[in-house]
Ligand code: SAM
């Protein structure tokens, strides 16, 4: 008998994948954690019944959460990743030679531990000496940081359980304080088919705090509806005005300088969410 995992987006729609084997299924101090092998997508991390990442398509999310803000900032040296315990975002951050330190703050040490074991190609950056890992609440960590980071990425779970506070205006205001004078931040803000209200709220909250606010998208097949959004807040630098010569060659599978700009071109119904 075959076993399928379904992430229900509504009572009437979900995304589903056939499971080959289950490595981990446990309740951590913060969330329900499953690490499984799927037939189609390789190993998959699931938190609170939501797909977090898979070996096959992870590159889209991780390249897009990292390279778009890192190329928007002209010289990112200190970078913070809030969440991101699977390690994919820091793996991409480390491709930028200007980066001297990347701090990862994930509330759940179990995500880090199991990602190192079962997602080694994603968690491949942890041994780099530029990486510092903190297992604590990102909200509290940000509240204690002042003008400390050039770029902050919020690579969190959806706003349920431990991540509820990470989708609030108070959090965006604290991020503003934690950034240097020309800092840039980006947060994953879910999908426009089922989470329009979340996107509108996040975009407008960020817009009240940051002079430059932009929404961009990427295509991620294992996330509900496939179309994913990222909301960027920046104190000075505009991602649409990055000079072509600032891009450098690196190994990627989704991100290119053309994608950097194209990802800000929004379908009309998504653009309307920014009005
Ligand atoms: N890319 C995924 C997505 O968009 O679905 C998210 C990646 S997953 C690794 C997100 C991580 O955020 C989890 O490891 C979780 O433990 C962490 N997280 C949730 N709430 C947090 C908080 N308040 N502070 C720090 N990390 C948090």
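First residue shown is number 1, and so on along the chain.
Including glycine, each Cβ sits where the backbone N, Cα and C put it.
Of the listed candidates (62, 204, 237), TrEMBL assigns 62 to the same spermidine site as 86, 155, 156, 157, 158.
Among 76, 159, 162, only 162 appears in TrEMBL as part of the S-methyl-5'-thioadenosine site alongside 31, 106, 137, 138. Ranked by Cα separation from residue 155 (active site, proton acceptor), the binding-site residues 106, 137, 162 are led by 106. Residues within less than 8 Å, Cβ to Cβ, of residue 62 (spermidine binding site) and separated from it by at least 6 positions along the same chain comprise 53, 88, 89, 91, 92, 122. In this record, S-methyl-5'-thioadenosine is bound by 31, 106, 137, 138, 162; the longest C-alpha to C-alpha distance in that set is 15 Å. Each residue in 30, 83, 107, 108, 136, 156, 157, 163 lies on the same chain as 31, 106, 137, 138, 162 and has a C-beta within 8 Å of the C-beta centroid of that S-methyl-5'-thioadenosine site, without being one of the site residues.
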